[in-house]
Amino acid sequence: MAAMVEIEDIRKVYDGGFEALSGVTLDIEEGEILALLGPNGAGKTTLISTICGITLASSGAIRVGGHDVVTDYRAARGLIGLVPQEVNLEPFEKVRNTVKFSRGLFGKPADDAYIEQILRRLSLWDKRDAAIRELSGGMKRRVLIAKALSHAPRVLFLDEPTAGVDVELRRDMWEIVAGLKEDGVTIILTTHYIEEAEAIADRVGVINKGRLLLVERKDALMARMGQKRLRIDLQEPISEIPAALSDYDLTLTEDGGALVYAYDTNAERTGIATLMTEMSRAGLVLRDIQTSQNSLEDIFVGLVHTGEDAA
Amino acid sequence: MNWQAVKAIYFFEMARFFRTLTQSFVSPVISTSLYFVVFGAAIGSRIQEVEGISYGAFIVPGLIMLSVITQAISNASFGIYFPKFIGTIYELLSAPINFLEIVLGYVGAAATKALFIGLVILATAAFFVDLSIQHPVAMIAFMVLTCLSFALLGFIIGIWAGNFEQLQLVPLLVVTPLVFLGGSFYSISMLPPVWQTITLFNPVVYLISGFRWAFFGMADVPVGLSLLAIFGFTMACIGVIWWIFRTGWRIRN
């Protein structure tokens, strides 16, 4: 089955010569939640804007549900709901009217029951006749989501849905996203909170300087994250790892002053206790020990830095 | 065609109009009444009839045109500029609609509002002066065409404007002088010969002249020429909008 969103070698060069996207290729499967992770200015919003028709790509092709977003834009955009990063709303408009307006723009006939269902789901029903400017920041964000959902899209883009949002509201937002996934909606969200990607994404893509550096299933990334390293500094440097310790996954640092032991925190036995016993039997004296963990953040920072060095 | 979207934009814009009904309705009535008090009663009492028509009645077509043109431009330019200003334009750009549908929605709503105000002024004027309209169908047709063409111009201004000053610039510096100098309050034949010729370069002259013909059966320039002028102006606006549509100028980068 073809992917829900197919992005083929998309490049975007702005008039000033700035290249916001340098050839991004990505397939997004139906029903998955993909988190696009990247620092500010990485090209996340440009990518979303290009898919949704707000920005024109300099080259490359994008299809949504098999429809090209330029030549067959009506069919493609009809499938898409977009929640923008900025809270852009008409301040004097009533909540319900602005959501109805969005539905109309997408060519759907009025459906009050459906609008009610969306507003209730987003806890906005009580505020349906309030003017937008009377709402709190969190509610305004929910209005943006309600507008995006008003025409029952198959693909939902959330651009930084939780930027500047308090912890409680962030959890609410995650629950809403999880509920939409259950309905089979494909969700692409951008974020610079790694925690957010960990909490809700099926796959994580890392983007920086207009390049997609990695796309991987979150559990695969988490498995890498489960790896811990134990660094054992030795009193006396050694030239090679003693044969007695060959059963352990050890590496010797270049100066021979420390051993690094990689182990899985999720395993039943870490083997640290026996390693210590074996080491003292082999006559090695410890000076210091420290552990460190691979986090998504490490992977992220590593990738972003490598990308910068290459650039 | 995505008629649902045209309808959605049209009624969304009309809702804004009805929300500010006092402003939309009361202010043209008051300003028209003031014009009648000043020009009709105070000055008009000292002016002889103009080409056989009492001065108070003579200025009615010009007054209506003045408001209709101003309103059509300001409503259409604000209608499309406001979403750009507050950022809700993203929704128009990402919806399955084309530029024609956007134009129909915004220009249609702006023209409707201007037409409504034109009719309100006409009704107000009927309180002050005796009005007999010789060609009612032509009068309505002229008014509708003027509403549409200047709403198109307003739409272009709204797309072009980068800030609120620019939004006011064209109406204030170009349109208002042209309308005032276009024979709203006088007949061109009252001007010295040199100015009579210069005035013929003002497109608004043709509009007001044609409109006045619909009321009183008399005009400064032939009615055919008036029709041609408004038709040409509408075509020019459509041409510019078509170009904007093709290039995405000032909307899509």
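Each residue, glycine too, has its Cβ placed from N, Cα and C.
Per TrEMBL, domain 'ABC transmembrane type-2' is recorded for B:19-248.
Through the fold, the transmembrane segment (B:25-43) approaches residues 55-56, 59, 63, 67, 71, 117, 120-121, 124-125, 128-129, 185 of its own chain, all at least 6 residues removed from its boundaries and within a Cβ separation under 8 Å. The transmembrane segment annotation in TrEMBL covers B:25-43 (among others).
Feature annotation from TrEMBL assigns transmembrane segment to B:55-82 (among others). Remote same-chain partners of the transmembrane segment (B:55-82), defined as residues 6 or more beyond its termini with a Cβ less than 8 Å from a stretch Cβ, comprise 13, 16-17, 28, 31-32, 35-36, 39-41, 43-44, 47-49, 88, 102, 106-107, 109-111, 113-115, 117-118, 121-122, 125, 128-131, 143, 146-155, 157-159, 161, 167, 170-171, 175-176, 179-180, 182-185, 187, 204, 207-208, 211-212, 214-216.
Taken from TrEMBL, the feature transmembrane segment covers B:102-128 (among others).
Among the features that TrEMBL reports, transmembrane segment is placed at B:140-161 (among others). With a cut-off of 8 Å between Cβ atoms, the residues of this chain six or more beyond the transmembrane segment (B:140-161) that come close are 64-65, 68-69, 72-81, 84, 103, 106-108, 110-112, 114-115, 118, 167, 169-171, 207, 210-211, 214, 226, 230-231, 233-234, 237-238, 240-241, 244, 249-251.
Counting residues 6+ beyond its ends, the transmembrane segment (B:167-188) has Cβ neighbours under 8 Å at 39, 50-51, 58-59, 62-63, 65-66, 69-70, 73-74, 77-78, 81, 157-158, 161, 196, 199, 202-205, 207-209, 220-221 in the same chain. Residues or ranges marked as transmembrane segment by TrEMBL: B:167-188 (among others).
Among the features that TrEMBL reports, transmembrane segment is placed at B:200-219 (among others).
The transmembrane segment annotation in TrEMBL covers B:225-245 (among others).
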